[in-house]
Amino acid sequence: MRGRLGGTAPGRSGDTRGGAAVSPGRAKIWGVTAYDRTQSRTPDPSQDSAQDRSGGPRQPQTYDSAFLRACRREPVPHTPVWFMRQAGRSLPEYLKVREGIAMLDSCMRPELVKEITLQPVRRHGVDAAIYFSDIVVPLKAIGIDLDIKPGVGPVVAEPFRSRADLARLRDLTPEDVWYVTEAIGLLTAELGGTPLIGFAGAPFTLASYLVEGGPSRNHEHTKALLHSDPELWADLLDRLAEITSAFLKVQIEAGASAVQLFDSWVGALAPVDYRRSVMPASVKVFDAVAGYGVPRIHFGVGTGELLGLMGEAGADVVGVDWRVPLDEAARRVGPGKALQGNLDPAVLFAGTRAVEAMTDEVLRAAAGLEGHVFNLGHGVLPTTDPDALTRLVSYVHENTAR
């Protein structure tokens, strides 16, 4: 029977405990002593790639999940669903646990990260969790003076404008982001068969924040550097590719089942500039994590004219925003790639019938794809009704059940 978004979908609210300040090493979080980052963690046997009783290789518990099967372009029991920014301001339980805690501070508290990451899994029944963090975390971890200003976004105290600034981009080590390793260990123990997606900002988007000093509508300083000093630009993106690769490796080695590279601002570029001045750095990142065998997802906003090049960059899954129908996106990307997307996030404000109709359009456009992960075409908007998201998950599951 055809599912209805207006129906009641199961879900339960998340844990709404508060947070406390974290100090290096052992720390009190919610009154519980956190793991000491200098101690090794006992591996979870359910997450090992050891041998099963038959003597063959045993896959991770998440291996046959609908999400990972779709990423591998294999048959699925239903189209898997998750949402960018599913852990965030649309959830009252998120607002409660984040109250009084700055964004970057919250990203460095493993118990809090675990709780926030799990909230949408509990409430919505999504097919994958995405690690709660921010794309500028690795930059902060290596000492870049930046902060996330409410209502603005990342703001860099001293923007990058010269070759001398490259010296500020030192290597990222696992110790720099010990809290990521710890939080993912906590998460994989809780998630069981639900995959965890790690993520990072793509070199171009990180470079834009560094060069502009914050969010930008026109990216004039970024484009000026790209065109006026191509050698410095290439060196900047190469360093950022190394930092991004290291950050993704930390997440994968800690237990992430897939990774997504967010290139939020790359849609500002013409295809010729992307191919010549940006794509090599993205290729470097995807190549760096290729040996882990986890799906690699590539997403950017306003990238309709770049989809083919993004597919060439090395991702297994290409994320598509709401501007291009998925069947047309598949034509542009080419064969051998799964697609992710792509309901307009604003449609969720339109009411049940409109959401159903637009969801049906997305699913029809995806019907012939080799692999499809249902998502929004961008992040969940802060004032989205969380019940609408829960109903959407149930609707997609019911209407795509094989």
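Positions of Cβ are set from backbone N, Cα and C atoms, glycine also.
On a predicted model such as this, the values are computed, not experimentally measured, just so you know.
Quick look at what TrEMBL annotates:
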type     : residues                                                          : note
BINDING  : Arg85, Gln86, Ala87, Gly88, Arg89, Asp134, Tyr209, Ser264, His378 : substrate binding site
COMPBIAS : 36-49                                                             : compositional bias 'Polar residues'
DOMAIN   : 80-89                                                             : domain 'Uroporphyrinogen decarboxylase (URO-D)'
DOMAIN   : 197-213                                                           : domain 'Uroporphyrinogen decarboxylase (URO-D)'
REGION   : 1-62                                                              : region 'Disordered'
SITE     : Asp134                                                            : site 'Transition state stabilizer'
Neighbourhood of Arg89 (substrate binding site) by C-beta distance under 8 A, where only residues 6 or more apart in the same chain count: Leu95, Pro382, Thr383
Neighbouring C-beta atoms (10 Å sphere around the C-beta of Arg85 (substrate binding site)): 18
Surrounding CB atoms that lie within 10 Å of the CB of Tyr209 (substrate binding site), all protein chains: 26
The one of Ala87, Asp134, His378 whose CB sees the fewest other CB atoms within 10 Å, among these recorded positions: Asp134
Recorded substrate binding residues, Arg85, Gln86, Ala87, Gly88, Arg89, Asp134, Tyr209, Ser264, His378 - maximal Cα separation rounded to whole Å: 23
Inter-residue C-alpha distance, Arg85 (substrate binding site) and Asp134 (site 'Transition state stabilizer') (nearest angstrom): 10
Inter-residue C-alpha distance, His378 (substrate binding site) and Asp134 (site 'Transition state stabilizer') (nearest angstrom): 15
For the domain 'Uroporphyrinogen decarboxylase (URO-D)' (197-213), mean pLDDT (0 to 100): 98
For Tyr209 (substrate binding site), the three-state class that DSSP assigns: helix
